Amino acid sequence: MQALYAQLLVGLINGSFYALLSLGLAVIFGMLNIINFAHGALYMMGAFVAYFLLNLGGINYWWALLLAPIIVGIFGMILERTMLQWLTGLDHLYGLLLTFGIALIVQGVFQNYFGSSGLPYAIPDQLKGGMNLGFMFLPVYRGWVVVFSLVVCLATWFLIEKTQLGAYLRAATENPTLVRAFGINVPRMITLTYGLGVGLAALAGVLSAPINQVRPLMGADLIIVVFAVVVIGGMGSIMGSIITGFALGVIEGLTKYFYPEASNTVVFVLMVLVLLVKPTGLTGRAA
Amino acid sequence: MPDTAIAEAPARAATGGNILQVRNLESWYGESHILHGINFDVNAGEVVTLLGRNGAGKTTTLKSIMGIIGKRSGSVKFNDEEIIRATSDKIARMGIAFCPEERGIFSSLDVRENLMLPPVVRAGGLPLDQIFDLFPNLKERLSSQGTKLSGGEQQMLAIARILRTGASFLMLDEPTEGLAPVIIQQIGHTIARLKKEGFTILLVEQNFRFASTVADRYYVVEHGKIIDGFSNAELATNMDKLHTYLGV
(Lines of atoms letter the chains of each structure in order from A and count residues from 1; the text may use other names and numbers.)
(Lines give C-alpha, C1' and ligand atoms only; values in the text may rest on other atoms or scores of the structure.)
Protein backbone atom coordinates (compact mmCIF):
# COMPACT_ATOMS: atom_id res chain seq x y z
CA MET A 1 0.00 0.00 0.00
CA GLN A 2 2.89 2.35 0.80
CA ALA A 3 4.16 1.84 -2.74
CA LEU A 4 0.78 2.93 -4.10
CA TYR A 5 0.86 6.16 -2.07
CA ALA A 6 4.44 6.77 -3.12
CA GLN A 7 3.46 6.42 -6.77
CA LEU A 8 0.50 8.71 -6.19
CA LEU A 9 2.87 11.33 -4.78
CA VAL A 10 5.24 10.93 -7.74
CA GLY A 11 2.20 11.28 -9.99
CA LEU A 12 1.13 14.46 -8.24
CA ILE A 13 4.61 15.94 -8.57
CA ASN A 14 4.80 15.08 -12.26
CA GLY A 15 1.27 16.42 -12.54
CA SER A 16 2.47 19.72 -11.04
CA PHE A 17 5.09 20.10 -13.76
CA TYR A 18 2.63 19.02 -16.44
CA ALA A 19 0.10 21.56 -15.16
CA LEU A 20 2.56 24.47 -14.97
CA LEU A 21 4.01 23.73 -18.38
CA SER A 22 0.71 23.02 -20.13
CA LEU A 23 -0.77 26.15 -18.54
CA GLY A 24 2.01 28.24 -20.12
CA LEU A 25 1.48 26.48 -23.44
CA ALA A 26 -2.28 27.06 -23.23
CA VAL A 27 -1.81 30.77 -22.46
CA ILE A 28 0.58 31.16 -25.39
CA PHE A 29 -1.55 29.14 -27.81
CA GLY A 30 -4.74 30.93 -26.78
CA MET A 31 -3.26 34.39 -27.22
CA LEU A 32 -0.63 34.03 -29.93
CA ASN A 33 -1.93 30.97 -31.77
CA ILE A 34 1.58 29.55 -31.60
CA ILE A 35 2.36 25.95 -30.71
CA ASN A 36 5.41 26.75 -28.63
CA PHE A 37 7.79 23.85 -29.08
CA ALA A 38 10.52 25.90 -27.35
CA HIS A 39 8.64 25.49 -24.07
CA GLY A 40 10.72 22.53 -22.90
CA ALA A 41 13.96 24.38 -23.63
CA LEU A 42 12.69 27.42 -21.70
CA TYR A 43 11.78 25.15 -18.78
CA MET A 44 15.35 23.85 -18.86
CA MET A 45 16.67 27.44 -18.98
CA GLY A 46 14.70 28.20 -15.80
CA ALA A 47 16.55 25.39 -14.02
CA PHE A 48 19.91 26.51 -15.41
CA VAL A 49 19.31 30.14 -14.40
CA ALA A 50 18.59 28.94 -10.86
CA TYR A 51 21.83 26.90 -11.01
CA PHE A 52 23.86 29.92 -12.24
CA LEU A 53 22.30 32.23 -9.69
CA LEU A 54 23.29 29.86 -6.90
CA ASN A 55 26.75 28.91 -8.09
CA LEU A 56 27.90 32.17 -9.66
CA GLY A 57 25.99 34.74 -7.63
CA GLY A 58 25.29 32.94 -4.38
CA ILE A 59 21.59 33.70 -4.87
CA ASN A 60 19.47 31.09 -3.13
CA TYR A 61 16.48 29.02 -4.24
CA TRP A 62 13.84 31.47 -2.93
CA TRP A 63 15.22 34.36 -4.96
CA ALA A 64 15.64 32.02 -7.93
CA LEU A 65 11.90 31.27 -7.79
CA LEU A 66 11.34 34.96 -8.47
CA LEU A 67 14.34 35.88 -10.64
CA ALA A 68 14.59 32.88 -13.00
CA PRO A 69 11.03 33.31 -14.39
CA ILE A 70 11.71 37.04 -14.88
CA ILE A 71 15.05 36.47 -16.63
CA VAL A 72 13.77 33.66 -18.87
CA GLY A 73 10.52 35.59 -19.40
CA ILE A 74 12.55 38.55 -20.73
CA PHE A 75 14.46 36.15 -23.01
CA GLY A 76 11.07 34.86 -24.23
CA MET A 77 9.81 38.38 -24.86
CA ILE A 78 12.92 39.11 -26.95
CA LEU A 79 12.20 35.93 -28.96
CA GLU A 80 8.60 37.07 -29.47
CA ARG A 81 9.57 40.61 -30.55
CA THR A 82 12.38 39.54 -32.87
CA MET A 83 10.96 36.36 -34.38
CA LEU A 84 7.52 35.09 -33.38
CA GLN A 85 5.63 38.32 -34.04
CA TRP A 86 6.39 38.00 -37.76
CA LEU A 87 4.39 34.77 -37.90
CA THR A 88 1.07 36.48 -37.16
CA GLY A 89 -1.57 35.26 -39.58
CA LEU A 90 0.54 32.40 -40.93
CA ASP A 91 -0.23 28.69 -40.62
CA HIS A 92 0.48 27.04 -37.23
CA LEU A 93 3.17 24.97 -38.91
CA TYR A 94 5.50 27.98 -39.23
CA GLY A 95 5.33 28.73 -35.51
CA LEU A 96 5.84 25.08 -34.67
CA LEU A 97 8.90 24.79 -36.92
CA LEU A 98 10.43 28.05 -35.70
CA THR A 99 9.99 27.21 -32.00
CA PHE A 100 11.23 23.64 -32.62
CA GLY A 101 14.35 25.14 -34.21
CA ILE A 102 14.80 27.52 -31.27
CA ALA A 103 14.48 24.56 -28.87
CA LEU A 104 17.16 22.60 -30.74
CA ILE A 105 19.54 25.57 -30.77
CA VAL A 106 19.05 26.39 -27.07
CA GLN A 107 19.40 22.76 -26.02
CA GLY A 108 22.42 22.32 -28.32
CA VAL A 109 24.21 25.31 -26.84
CA PHE A 110 23.63 24.11 -23.27
CA GLN A 111 24.64 20.55 -24.19
CA ASN A 112 27.83 21.86 -25.79
CA TYR A 113 28.90 23.59 -22.59
CA PHE A 114 27.45 21.32 -19.91
CA GLY A 115 27.23 17.86 -21.51
CA SER A 116 24.22 15.62 -21.00
CA SER A 117 24.66 14.59 -17.40
CA GLY A 118 22.83 16.33 -14.58
CA LEU A 119 24.20 19.13 -12.42
CA PRO A 120 23.22 18.95 -8.76
CA TYR A 121 20.95 21.58 -7.21
CA ALA A 122 20.40 21.19 -3.49
CA ILE A 123 17.03 21.31 -1.79
CA PRO A 124 16.87 24.50 0.33
CA ASP A 125 17.44 23.91 4.04
CA GLN A 126 13.91 24.99 4.96
CA LEU A 127 12.41 22.24 2.77
CA LYS A 128 14.71 19.36 3.66
CA GLY A 129 13.51 16.29 5.49
CA GLY A 130 10.14 14.66 5.53
CA MET A 131 6.97 13.99 7.45
CA ASN A 132 5.55 10.67 8.48
CA LEU A 133 1.86 10.83 7.62
CA GLY A 134 1.18 7.41 9.12
CA PHE A 135 0.29 5.79 5.81
CA MET A 136 3.35 7.14 3.98
CA PHE A 137 6.52 9.21 4.31
CA LEU A 138 6.17 12.62 2.61
CA PRO A 139 9.37 14.49 1.64
CA VAL A 140 8.71 18.13 2.49
CA TYR A 141 10.15 19.46 -0.78
CA ARG A 142 7.82 17.29 -2.86
CA GLY A 143 4.82 18.40 -0.86
CA TRP A 144 5.93 22.02 -1.37
CA VAL A 145 6.18 21.53 -5.16
CA VAL A 146 2.61 20.20 -5.35
CA VAL A 147 1.11 22.95 -3.17
CA PHE A 148 3.09 25.80 -4.72
CA SER A 149 2.31 24.66 -8.28
CA LEU A 150 -1.36 24.43 -7.44
CA VAL A 151 -1.34 27.96 -6.00
CA VAL A 152 0.48 29.36 -9.06
CA CYS A 153 -1.90 27.56 -11.44
CA LEU A 154 -4.99 28.87 -9.62
CA ALA A 155 -3.53 32.39 -9.46
CA THR A 156 -2.93 32.30 -13.22
CA TRP A 157 -6.46 31.03 -13.80
CA PHE A 158 -7.82 33.85 -11.62
CA LEU A 159 -5.74 36.44 -13.49
CA ILE A 160 -7.08 35.30 -16.85
CA GLU A 161 -10.68 34.48 -15.98
CA LYS A 162 -11.56 37.00 -13.27
CA THR A 163 -9.65 40.25 -13.83
CA GLN A 164 -9.89 43.14 -16.28
CA LEU A 165 -6.46 42.26 -17.65
CA GLY A 166 -7.70 38.73 -18.22
CA ALA A 167 -10.76 40.10 -20.01
CA TYR A 168 -8.41 42.00 -22.37
CA LEU A 169 -6.48 38.78 -22.97
CA ARG A 170 -9.58 36.70 -23.66
CA ALA A 171 -11.08 39.37 -25.90
CA ALA A 172 -7.82 39.79 -27.82
CA THR A 173 -7.75 36.02 -28.36
CA GLU A 174 -11.09 36.35 -30.18
CA ASN A 175 -10.65 39.62 -32.05
CA PRO A 176 -7.30 41.40 -31.57
CA THR A 177 -8.09 44.03 -34.21
CA LEU A 178 -11.20 45.25 -32.40
CA VAL A 179 -9.55 45.15 -28.98
CA ARG A 180 -6.77 47.33 -30.35
CA ALA A 181 -9.35 49.70 -31.82
CA PHE A 182 -10.67 50.16 -28.26
CA GLY A 183 -7.33 51.70 -27.30
CA ILE A 184 -5.47 48.69 -25.94
CA ASN A 185 -1.89 48.12 -27.09
CA VAL A 186 -2.39 44.53 -28.24
CA PRO A 187 1.14 43.88 -29.59
CA ARG A 188 2.60 44.82 -26.20
CA MET A 189 0.01 42.63 -24.46
CA ILE A 190 0.96 39.69 -26.70
CA THR A 191 4.64 40.14 -25.84
CA LEU A 192 3.85 40.23 -22.11
CA THR A 193 1.61 37.17 -22.44
CA TYR A 194 4.41 35.23 -24.11
CA GLY A 195 6.67 36.38 -21.29
CA LEU A 196 4.12 35.14 -18.74
CA GLY A 197 3.81 31.71 -20.40
CA VAL A 198 7.59 31.38 -20.65
CA GLY A 199 7.96 32.56 -17.04
CA LEU A 200 5.66 29.74 -15.92
CA ALA A 201 7.86 27.24 -17.75
CA ALA A 202 10.97 28.69 -16.08
CA LEU A 203 9.26 28.53 -12.68
CA ALA A 204 8.56 24.83 -13.27
CA GLY A 205 12.25 24.45 -14.17
CA VAL A 206 13.36 25.97 -10.84
CA LEU A 207 10.93 23.75 -8.91
CA SER A 208 12.20 20.73 -10.79
CA ALA A 209 15.93 21.41 -10.31
CA PRO A 210 16.30 19.88 -6.80
CA ILE A 211 14.26 16.79 -7.78
CA ASN A 212 15.46 16.00 -11.31
CA GLN A 213 18.85 17.79 -11.36
CA VAL A 214 19.72 20.37 -14.00
CA ARG A 215 20.18 18.83 -17.45
CA PRO A 216 20.17 20.35 -20.98
CA LEU A 217 17.64 17.77 -22.17
CA MET A 218 15.34 17.85 -19.13
CA GLY A 219 12.75 19.82 -21.12
CA ALA A 220 12.99 17.68 -24.25
CA ASP A 221 12.10 14.62 -22.16
CA LEU A 222 9.00 16.29 -20.80
CA ILE A 223 7.62 18.41 -23.61
CA ILE A 224 5.98 15.64 -25.66
CA VAL A 225 3.97 14.47 -22.64
CA VAL A 226 3.04 18.09 -21.90
CA PHE A 227 1.74 18.54 -25.44
CA ALA A 228 -0.38 15.43 -24.96
CA VAL A 229 -1.73 17.01 -21.75
CA VAL A 230 -2.64 20.21 -23.61
CA VAL A 231 -4.36 18.28 -26.39
CA ILE A 232 -6.35 16.20 -23.89
CA GLY A 233 -7.33 19.30 -21.86
CA GLY A 234 -8.29 21.28 -24.95
CA MET A 235 -5.91 23.62 -26.76
CA GLY A 236 -6.00 27.06 -25.17
CA SER A 237 -8.18 26.05 -22.21
CA ILE A 238 -6.70 27.36 -18.96
CA MET A 239 -8.65 25.32 -16.41
CA GLY A 240 -8.55 22.30 -18.75
CA SER A 241 -4.76 22.41 -18.75
CA ILE A 242 -4.52 22.64 -14.97
CA ILE A 243 -6.99 19.83 -14.22
CA THR A 244 -5.65 17.59 -16.98
CA GLY A 245 -2.06 18.21 -15.91
CA PHE A 246 -2.63 17.06 -12.34
CA ALA A 247 -5.04 14.27 -13.36
CA LEU A 248 -2.68 12.77 -15.92
CA GLY A 249 0.21 12.89 -13.48
CA VAL A 250 -1.89 10.88 -11.01
CA ILE A 251 -3.08 8.45 -13.72
CA GLU A 252 0.53 7.94 -14.80
CA GLY A 253 1.51 7.30 -11.15
CA LEU A 254 -1.29 4.78 -10.68
CA THR A 255 -0.32 3.03 -13.90
CA LYS A 256 3.24 2.72 -12.58
CA TYR A 257 1.81 0.84 -9.59
CA PHE A 258 -0.78 -1.35 -11.33
CA TYR A 259 0.78 -1.94 -14.74
CA PRO A 260 4.29 -0.39 -14.94
CA GLU A 261 4.84 -1.49 -18.55
CA ALA A 262 2.17 0.97 -19.71
CA SER A 263 3.26 3.93 -17.58
CA ASN A 264 5.16 5.64 -20.41
CA THR A 265 2.37 5.27 -22.92
CA VAL A 266 -0.81 5.72 -20.88
CA VAL A 267 -0.93 9.48 -21.51
CA PHE A 268 -0.72 8.97 -25.26
CA VAL A 269 -3.35 6.21 -25.23
CA LEU A 270 -5.64 8.61 -23.37
CA MET A 271 -4.86 11.33 -25.91
CA VAL A 272 -5.89 9.06 -28.77
CA LEU A 273 -9.11 8.11 -26.98
CA VAL A 274 -9.99 11.73 -26.21
CA LEU A 275 -9.26 12.82 -29.78
CA LEU A 276 -11.51 10.04 -31.09
CA VAL A 277 -14.41 10.95 -28.79
CA LYS A 278 -13.97 14.72 -28.43
CA PRO A 279 -11.45 16.19 -30.91
CA THR A 280 -11.49 19.62 -29.23
CA GLY A 281 -10.23 18.12 -25.96
CA LEU A 282 -12.06 17.61 -22.67
CA THR A 283 -12.71 21.31 -22.02
CA GLY A 284 -11.97 22.83 -25.41
CA ARG A 285 -14.58 24.57 -27.52
CA ALA A 286 -15.10 23.98 -31.21
CA ALA A 287 -13.52 26.65 -33.40
CA MET B 1 -36.11 55.30 -21.45
CA PRO B 2 -36.11 58.43 -19.27
CA ASP B 3 -34.79 61.61 -20.80
CA THR B 4 -33.69 63.30 -17.62
CA ALA B 5 -30.08 62.16 -17.47
CA ILE B 6 -29.48 63.21 -21.04
CA ALA B 7 -31.25 66.53 -20.72
CA GLU B 8 -29.25 67.48 -17.63
CA ALA B 9 -25.89 66.48 -19.00
CA PRO B 10 -23.59 69.22 -20.26
CA ALA B 11 -23.13 69.56 -23.99
CA ARG B 12 -20.10 67.58 -25.17
CA ALA B 13 -19.35 69.79 -28.14
CA ALA B 14 -20.75 72.92 -29.68
CA THR B 15 -22.05 72.26 -33.19
CA GLY B 16 -20.06 73.88 -35.94
CA GLY B 17 -16.30 73.39 -35.48
CA ASN B 18 -14.65 70.98 -37.87
CA ILE B 19 -13.74 67.81 -35.97
CA LEU B 20 -12.85 65.38 -38.77
CA GLN B 21 -11.31 66.21 -42.10
CA VAL B 22 -10.73 63.44 -44.64
CA ARG B 23 -8.73 64.25 -47.78
CA ASN B 24 -7.75 61.96 -50.67
CA LEU B 25 -8.12 58.89 -48.48
CA GLU B 26 -7.07 55.76 -50.35
CA SER B 27 -7.05 52.22 -48.93
CA TRP B 28 -6.06 48.76 -50.01
CA TYR B 29 -6.93 45.24 -48.87
CA GLY B 30 -3.82 43.41 -50.04
CA GLU B 31 -3.63 44.15 -53.76
CA SER B 32 -7.26 45.33 -53.99
CA HIS B 33 -7.56 49.11 -54.19
CA ILE B 34 -10.81 49.90 -52.33
CA LEU B 35 -10.89 53.64 -51.63
CA HIS B 36 -9.88 55.95 -54.46
CA GLY B 37 -9.61 59.36 -52.82
CA ILE B 38 -12.36 59.98 -50.27
CA ASN B 39 -12.98 63.60 -49.23
CA PHE B 40 -15.43 64.78 -46.59
CA ASP B 41 -15.72 66.71 -43.32
CA VAL B 42 -17.63 66.17 -40.10
CA ASN B 43 -18.43 69.07 -37.78
CA ALA B 44 -18.62 68.77 -34.02
CA GLY B 45 -22.03 67.75 -32.72
CA GLU B 46 -23.29 66.56 -36.13
CA VAL B 47 -24.64 63.22 -37.24
CA VAL B 48 -23.20 62.56 -40.70
CA THR B 49 -24.26 59.52 -42.67
CA LEU B 50 -22.33 57.70 -45.38
CA LEU B 51 -24.82 56.12 -47.78
CA GLY B 52 -24.06 53.71 -50.58
CA ARG B 53 -24.57 50.25 -51.98
CA ASN B 54 -22.93 47.11 -50.68
CA GLY B 55 -19.22 47.14 -51.45
CA ALA B 56 -19.12 50.88 -52.17
CA GLY B 57 -16.42 51.47 -49.54
CA LYS B 58 -18.42 52.84 -46.58
CA THR B 59 -17.15 50.36 -43.99
CA THR B 60 -13.63 50.60 -45.39
CA THR B 61 -13.82 54.37 -44.93
CA LEU B 62 -14.63 53.94 -41.22
CA LYS B 63 -11.94 51.28 -40.79
CA SER B 64 -9.40 53.47 -42.56
CA ILE B 65 -10.18 56.40 -40.26
CA MET B 66 -9.86 54.04 -37.28
CA GLY B 67 -6.48 52.78 -38.49
CA ILE B 68 -7.65 49.19 -38.87
CA ILE B 69 -6.74 48.98 -42.57
CA GLY B 70 -2.99 48.42 -42.86
CA LYS B 71 -2.36 50.13 -46.20
CA ARG B 72 -3.83 53.60 -46.53
CA SER B 73 -2.76 57.02 -47.76
CA GLY B 74 -4.05 60.57 -47.91
CA SER B 75 -4.92 62.67 -44.90
CA VAL B 76 -7.25 62.16 -41.95
CA LYS B 77 -7.25 64.97 -39.41
CA PHE B 78 -9.05 64.65 -36.10
CA ASN B 79 -9.24 67.91 -34.14
CA ASP B 80 -6.59 69.25 -36.55
CA GLU B 81 -4.19 66.41 -35.71
CA GLU B 82 -3.03 64.11 -38.51
CA ILE B 83 -3.86 60.46 -37.73
CA ILE B 84 -3.29 58.70 -41.05
CA ARG B 85 -0.13 57.02 -39.76
CA ALA B 86 -1.35 56.40 -36.20
CA THR B 87 -2.14 52.89 -34.94
CA SER B 88 -5.74 52.11 -34.00
CA ASP B 89 -5.03 52.05 -30.24
CA LYS B 90 -3.57 55.56 -30.44
CA ILE B 91 -6.51 56.77 -32.53
CA ALA B 92 -8.92 55.35 -29.96
CA ARG B 93 -7.05 57.17 -27.20
CA MET B 94 -7.51 60.45 -29.08
CA GLY B 95 -11.26 60.11 -28.63
CA ILE B 96 -12.59 58.18 -31.64
CA ALA B 97 -14.71 55.09 -30.94
CA PHE B 98 -15.78 52.49 -33.47
CA CYS B 99 -18.81 50.19 -33.36
CA PRO B 100 -18.32 47.56 -36.07
CA GLU B 101 -21.00 46.19 -38.37
CA GLU B 102 -20.64 42.68 -36.95
CA ARG B 103 -20.98 44.21 -33.45
CA GLY B 104 -17.87 42.48 -32.14
CA ILE B 105 -19.41 41.03 -28.98
CA PHE B 106 -16.92 38.67 -27.34
CA SER B 107 -18.25 35.19 -26.64
CA SER B 108 -15.73 34.46 -23.90
CA LEU B 109 -16.87 37.54 -21.94
CA ASP B 110 -20.17 38.12 -20.16
CA VAL B 111 -22.23 41.26 -20.75
CA ARG B 112 -20.61 43.14 -17.86
CA GLU B 113 -17.10 42.27 -19.11
CA ASN B 114 -18.05 43.25 -22.67
CA LEU B 115 -19.45 46.53 -21.39
CA MET B 116 -16.39 47.32 -19.27
CA LEU B 117 -13.82 46.13 -21.84
CA PRO B 118 -12.91 49.36 -23.66
CA PRO B 119 -10.72 51.42 -21.37
CA VAL B 120 -11.72 54.97 -20.46
CA VAL B 121 -9.57 57.09 -22.78
CA ARG B 122 -10.60 60.48 -21.43
CA ALA B 123 -12.97 62.12 -18.99
CA GLY B 124 -16.57 62.75 -19.99
CA GLY B 125 -17.79 59.24 -20.76
CA LEU B 126 -21.32 58.31 -19.77
CA PRO B 127 -21.57 56.76 -16.31
CA LEU B 128 -23.05 53.28 -16.07
CA ASP B 129 -26.38 54.42 -14.61
CA GLN B 130 -26.88 56.73 -17.57
CA ILE B 131 -25.99 53.91 -19.96
CA PHE B 132 -28.55 51.69 -18.24
CA ASP B 133 -31.13 54.48 -18.61
CA LEU B 134 -30.48 54.31 -22.34
CA PHE B 135 -30.37 50.51 -22.52
CA PRO B 136 -32.34 49.04 -19.60
CA ASN B 137 -32.23 45.52 -21.09
CA LEU B 138 -28.49 45.34 -20.53
CA LYS B 139 -28.79 45.91 -16.79
CA GLU B 140 -30.91 42.78 -16.43
CA ARG B 141 -28.51 40.62 -18.41
CA LEU B 142 -25.14 41.62 -17.02
CA SER B 143 -24.07 38.08 -16.15
CA SER B 144 -25.23 36.51 -19.44
CA GLN B 145 -22.67 35.46 -22.02
CA GLY B 146 -22.32 38.33 -24.50
CA THR B 147 -23.24 36.30 -27.55
CA LYS B 148 -26.36 34.85 -25.87
CA LEU B 149 -28.10 38.24 -26.21
CA SER B 150 -30.58 38.87 -29.01
CA GLY B 151 -29.35 40.74 -32.08
CA GLY B 152 -30.90 43.98 -30.84
CA GLU B 153 -29.42 43.61 -27.37
CA GLN B 154 -26.00 42.86 -28.87
CA GLN B 155 -26.24 46.05 -30.92
CA MET B 156 -27.18 48.01 -27.80
CA LEU B 157 -24.22 46.47 -25.96
CA ALA B 158 -21.89 47.32 -28.84
CA ILE B 159 -22.99 50.97 -28.71
CA ALA B 160 -23.17 51.12 -24.91
CA ARG B 161 -19.59 49.98 -24.34
CA ILE B 162 -18.10 52.81 -26.42
CA LEU B 163 -20.16 55.45 -24.59
CA ARG B 164 -18.26 54.77 -21.35
CA THR B 165 -14.87 55.55 -22.83
CA GLY B 166 -15.10 59.32 -23.03
CA ALA B 167 -14.71 59.27 -26.81
CA SER B 168 -16.60 62.20 -28.30
CA PHE B 169 -16.59 60.99 -31.90
CA LEU B 170 -18.52 57.78 -32.56
CA MET B 171 -18.41 55.78 -35.77
CA LEU B 172 -21.36 53.41 -36.06
CA ASP B 173 -21.28 50.89 -38.89
CA GLU B 174 -24.79 49.84 -39.97
CA PRO B 175 -26.26 49.73 -36.45
CA THR B 176 -29.70 48.74 -37.77
CA GLU B 177 -28.64 45.84 -39.95
CA GLY B 178 -30.78 42.74 -39.42
CA LEU B 179 -32.82 44.26 -36.58
CA ALA B 180 -36.59 44.32 -36.07
CA PRO B 181 -38.36 47.65 -36.78
CA VAL B 182 -39.07 48.27 -33.10
CA ILE B 183 -35.37 47.88 -32.24
CA ILE B 184 -34.38 50.10 -35.18
CA GLN B 185 -36.68 52.75 -33.74
CA GLN B 186 -35.01 52.39 -30.34
CA ILE B 187 -31.53 52.70 -31.88
CA GLY B 188 -32.77 55.83 -33.69
CA HIS B 189 -33.96 57.36 -30.42
CA THR B 190 -30.62 56.53 -28.84
CA ILE B 191 -28.63 58.20 -31.62
CA ALA B 192 -30.86 61.28 -31.39
CA ARG B 193 -30.26 61.46 -27.63
CA LEU B 194 -26.52 61.00 -28.04
CA LYS B 195 -26.56 63.89 -30.49
CA LYS B 196 -28.36 66.01 -27.92
CA GLU B 197 -25.72 64.97 -25.43
CA GLY B 198 -23.08 66.47 -27.73
CA PHE B 199 -21.58 63.38 -29.33
CA THR B 200 -20.45 63.67 -32.94
CA ILE B 201 -21.54 60.64 -34.95
CA LEU B 202 -20.39 59.27 -38.28
CA LEU B 203 -22.93 56.69 -39.35
CA VAL B 204 -22.76 54.14 -42.14
CA GLU B 205 -26.19 53.10 -43.35
CA GLN B 206 -27.86 51.47 -46.32
CA ASN B 207 -31.28 52.19 -44.83
CA PHE B 208 -31.63 55.87 -45.67
CA ARG B 209 -35.19 55.97 -44.29
CA PHE B 210 -33.66 55.26 -40.90
CA ALA B 211 -30.76 57.63 -41.55
CA SER B 212 -33.14 60.46 -42.43
CA THR B 213 -34.56 60.36 -38.89
CA VAL B 214 -31.19 61.11 -37.28
CA ALA B 215 -28.73 62.59 -39.78
CA ASP B 216 -27.81 66.23 -40.38
CA ARG B 217 -25.90 65.58 -43.57
CA TYR B 218 -25.27 62.77 -46.04
CA TYR B 219 -22.44 61.69 -48.28
CA VAL B 220 -22.97 59.11 -50.98
CA VAL B 221 -20.10 56.65 -51.52
CA GLU B 222 -19.69 54.74 -54.76
CA HIS B 223 -16.69 52.79 -56.06
CA GLY B 224 -14.54 54.11 -53.23
CA LYS B 225 -15.30 57.79 -53.82
CA ILE B 226 -17.71 60.37 -52.46
CA ILE B 227 -19.95 61.17 -55.41
CA ASP B 228 -22.50 63.45 -53.76
CA GLY B 229 -23.33 65.20 -50.52
CA PHE B 230 -26.33 67.10 -49.18
CA SER B 231 -27.96 68.20 -45.96
CA ASN B 232 -31.08 66.75 -44.38
CA ALA B 233 -33.05 69.80 -45.55
CA GLU B 234 -32.11 68.91 -49.14
CA LEU B 235 -33.09 65.28 -48.78
CA ALA B 236 -36.55 65.61 -50.34
CA THR B 237 -35.20 67.28 -53.47
CA ASN B 238 -32.49 64.63 -53.80
CA MET B 239 -34.74 61.59 -53.40
CA ASP B 240 -34.71 60.60 -57.08
CA LYS B 241 -30.94 60.83 -57.26
CA LEU B 242 -30.67 58.86 -54.03
CA HIS B 243 -32.88 56.09 -55.39
CA THR B 244 -30.58 55.84 -58.40
CA TYR B 245 -27.42 55.85 -56.27
CA LEU B 246 -28.68 53.20 -53.90
CA GLY B 247 -30.54 51.16 -56.53
CA VAL B 248 -33.78 51.10 -54.54
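Quick reminder: no glycine exception, Cβ is built from N, Cα and C everywhere.
According to TrEMBL, the features are:
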TRANSMEM  A:6-27  transmembrane segment
TRANSMEM  A:34-54  transmembrane segment
TRANSMEM  A:60-79  transmembrane segment
TRANSMEM  A:91-110  transmembrane segment
TRANSMEM  A:141-160  transmembrane segment
TRANSMEM  A:190-211  transmembrane segment
TRANSMEM  A:223-251  transmembrane segment
TRANSMEM  A:258-277  transmembrane segment
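By number of Cβ pairs under 8 Å, the transmembrane segment (A:223-251) is matched best by A:6-27 from the list A:6-27, A:91-110, A:141-160, A:190-211, A:258-277. Touching of the transmembrane segment (A:34-54) and the transmembrane segment (A:91-110) is concluded from the presence of at least three CB pairs under 8 A, sequence neighbours closer than 6 excluded. Beyond its flanks by at least six residues, the transmembrane segment (A:190-211) meets 13, 16-17, 20-21, 23-25, 27-28, 31-32, 36, 39-40, 42-51, 61, 64-65, 68-77, 79-81, 84-85, 121-124, 141-142, 145, 148-149, 152, 156, 169, 172, 176, 218-219 of its own chain at Cβ-Cβ distances under 8 Å. Within its own chain, the transmembrane segment (A:6-27) is flanked in space by residues 35-36, 39-40, 43, 136, 138, 142, 145-146, 149-150, 152-153, 156, 160, 193, 196-201, 203-204, 207-208, 211, 222-223, 225-227, 229-230, 233, 235-238, 240-242, 244-254, 256-257, which lie at least six positions past its ends and keep a Cβ under 8 Å from the stretch.
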